[in-house]
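Database features, via Swiss-Prot:
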- His76, His78, His242, Asp317: Zn(2+) binding site (BINDING)
- His76, His78, His242, Asp317: Fe(3+) binding site (BINDING)
- Arg85, Tyr148, His181, Glu245, Ser322: 4-imidazolone-5-propanoate binding site (BINDING)
- Tyr148, Asn319, Gly321: N-formimidoyl-L-glutamate binding site (BINDING)
Amino acid sequence: MNDLIINHIAELILPRSTDKPLKGKELDELNVVKNGTVVIKDGKIVYAGTHTDDYDATETIDASGKVVSPALVDAHTHLTFGGSREHEMSLKRQGKSYLEILEMGGGILSTVNATRETSEDDLFKKAEHDLLTMIKHGVLAVESKSGYGLDRENELKQLKVSNRLAEKYDLDMKHTFLGPHAVPKEASSNEAFLEEMIALLPEVKQYADFADIFCETGVFTIEQSQHYMQKAKEAGFKVKIHADEIDPLGGLELAIDEQAISADHLVASSDKGKEKLRNSDTVAVLLPATTFYLGKEDYADARGMLDNNGAIALATDYNPGSSVTNNLQLVMAIAALKLKLSPNEVWNAVTVNAAKAIDINAGTINTGDKANLVIWDAPNHEYIPYHFGINHAEKVIKDGKVIVDNTVSFKA
């Protein structure tokens, strides 16, 4: 006897199972089954396809008028941080620049100070709350970066917190050491600080899957970023890079040359970099909520990347300064509106390709897969990026069990 059948599904979203990320035109290929059925036993998918009465189960969910998809994958978050920076919104409205806010004690270094001052247990409680919000919105696989400690003690603290979260909730969670995220005030130079972070690589390896660096004007150069990435690979890490967010320094090209698993942001990437994606499996992780939140007009050139047969994914970039959202559904809407992605491209970019960007087996619904699913209160898959700003996730299913039920009942 099977454990659960979900039947009469209006639309069942079945992204293609693939060893490599979907590239170029492949991103627009999505198998959407009308009147679908999913059968689950022992936390795994037994059957997913057109409606059938050939299976029995101890529990049945009628998904008439609903959409069912793989659980979403958020491939770029800064989940563990102390404090918040809501007061900076009014300063920005007054015309204060980022550097002026930084000089006033705000900006990233204020988050560094808050993170350093927050105990590991308190940091865990805060990150747990934010993670549960993500789960309620349909995410069951997450990448979590450090980068607000900027010293040995606090970088380790952030990574330990994300590892504790993964263990407590048994999530598909990957952890990224982003020690070179900024340069702390106490550092004698960018170069000296980078060497401190490189020296930490062997110690943080037990807590982190990836090593990341912020390659940008005023932070770390192309040459410094390459040095760090090579040292990280020698220490056994797969590498990522925050690249070309503000200036076209060539971070995308570097990511491809160093065979990074992903390059993230890429708002200012050059045509040369986009062309190099053609022969690479490096995933371009685009973060349109960041551009939106910062009030900028120029978004990453998703269409140009796809036209060059590149692989792209979408993520929230959840952080306290430039993308204060842990709702990946909102990112889906912004991507459709501002990156000009089709609904099919959006869905693939937050499932199978996002999974490739963090090297996990997720984002598909195939026989033998973990039964990590979302039942959406929506008539079709195009509706979710169309109707933005609310939570469409009705039920979140992890390993075949309903762990979130957002159904709301009102009493007159």
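Any Cβ shown, glycine's included, is placed from N, Cα and C.
The structure, with features from Swiss-Prot marked on it.
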residue : record                                  : Cβ neighbours (10 Å)
His76   : Zn(2+) binding site                     : 30
His78   : Zn(2+) binding site                     : 25
Arg85   : 4-imidazolone-5-propanoate binding site : 20
Tyr148  : 4-imidazolone-5-propanoate binding site : 31
His181  : 4-imidazolone-5-propanoate binding site : 25
His242  : Zn(2+) binding site                     : 28
Glu245  : 4-imidazolone-5-propanoate binding site : 25
Asp317  : Zn(2+) binding site                     : 28
Asn319  : N-formimidoyl-L-glutamate binding site  : 24
Ser322  : 4-imidazolone-5-propanoate binding site : 19
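Closest in space to His76 (Zn(2+) binding site), of the binding-site residues given as Tyr148, His181, Asn319, Gly321, Ser322, is Asn319, taking the CA atom of each residue.
Reported as a whole number, the C-alpha separation between His181 (4-imidazolone-5-propanoate binding site) and Gly321 (N-formimidoyl-L-glutamate binding site) equals 13 Å. According to its DSSP assignment, Asn319 (N-formimidoyl-L-glutamate binding site) is in a strand. Shown in sequence order, Thr77, Lys145, Asp264, His265, Leu287, Thr290, Ala315, Tyr318, Asn319, Ser323 are the same-chain residues outside His76, His78, His242, Asp317 whose Cβ sits within 8 Å of the Cβ centre of the Zn(2+) site. For the pair Tyr148 (4-imidazolone-5-propanoate binding site) and His78 (Zn(2+) binding site), the Cα-Cα distance reads 9 Å. Each residue in His78, Phe81, Arg85, Ile108, Thr111, Gly147, Pro320, Ser322 lies on the same chain as Tyr148, Asn319, Gly321 and has a C-beta within 8 Å of the C-beta centroid of that N-formimidoyl-L-glutamate site, without being one of the site residues.
Taking only the Cα positions, the spacing between Glu245 (4-imidazolone-5-propanoate binding site) and Asn319 (N-formimidoyl-L-glutamate binding site) is 15 angstrom.
His242 (Zn(2+) binding site) and Asn319 (N-formimidoyl-L-glutamate binding site) are 14 Å apart (CA-CA, integer value).
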